[in-house]
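Notes for the one structure printed next.
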Amino acid sequence: MLLFKRKRLLLASACCVILLLLTPTRGDSNSERSYKVAQPLELTPKLSLQLKLHAFLLWCSVGFLMPIGVLLIRVSSNVKSAKSVKLLFYCHVGSQIVAVVLATAGAVLSISNFENAFNNTHQRIGLALYGFIWLQPLIGFLRPDRGMRFRSAWYLTHWLLGIGICVVGVANVYIGLHTYQERTGRSARLWTVLLTVEVAAMAFVYLFQDRWNHVVRQEEAAALGDEQSEGSTMYPANDHKEVIVVP
């Protein structure tokens, strides 16, 4: 019964996402116009604040919290303490929930206040990204129990979608910074450098985890080998070999 309700919830949510993606926006009335040349954007104080808030929300969401959630769940797979695993899992869930809320706020802000002709790469990727961001927690909610038939397929889907959202999201933040600089004439170099440093640090931690786990396993294997060698009885070589019969 619970599984049936979850399937109905997933179907209803997927329909909502599809309807959202197909909903006409304010820019659709001019869809026949040519947008080959981007018009310079005249910044008012209000629009400037909205752009900065939009960028900050999406940076925090797909550029920080979602990658942090990936790192947390990755660490939990190598933790032996059940209490630590549970804590890391709840931290993962919490970070992703906050990330989805921030991304939703950024989506509402952009759809209600900005041009929505979807004539550039940043807007098109962003629209698709919003749909997948809202789909990912639903997939996480439908997680099968361990040992069930579809557990491996669910895990692979959830992992691939999560990694894909992080990679595409970070790339779209870069594209957004470039678009901002191109449309306004204002430099975004400092924010690009800061984002690069952050992404490089997270990528280093992500890749270092595998090497660190390998080192730990090697040390454990070496320690186990030492214990086995110490536990075995070593006899000195003698000229006269003796056979000891144990009754």
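Just so it is clear, glycine is given a Cβ too, placed from its N, Cα and C backbone atoms.
Nobody curates TrEMBL annotations by hand; they come from automatic prediction.
The structure displayed is predicted, hence computed values, not measured ones.
Taken verbatim from TrEMBL:
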SIGNAL    1-27  signal peptide
DOMAIN    6-216  domain 'Cytochrome b561'
TRANSMEM  51-75  transmembrane segment
TRANSMEM  87-111  transmembrane segment
TRANSMEM  123-142  transmembrane segment
TRANSMEM  154-177  transmembrane segment
TRANSMEM  189-208  transmembrane segment
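The largest share of C-beta pairs under 8 angstroms with the transmembrane segment (87-111) comes from 123-142, of the ranges 123-142, 154-177, 189-208. The list of residues near the transmembrane segment (189-208) in space but at least 6 beyond its ends in sequence, with Cβ under 8 angstroms from a Cβ of it, reads 55, 59, 63-64, 67-68, 70-71, 74, 170, 173-174, 177. Sequence-distant contacts of the transmembrane segment (154-177), counting only residues of its own chain at least 6 positions beyond either end whose CB sits under 8 Å from a CB of the stretch, comprise 55, 58-59, 61-63, 66-67, 69-70, 121-122, 125-126, 129, 132-133, 135-136, 139-140, 142-144, 188, 191-192, 195, 199.
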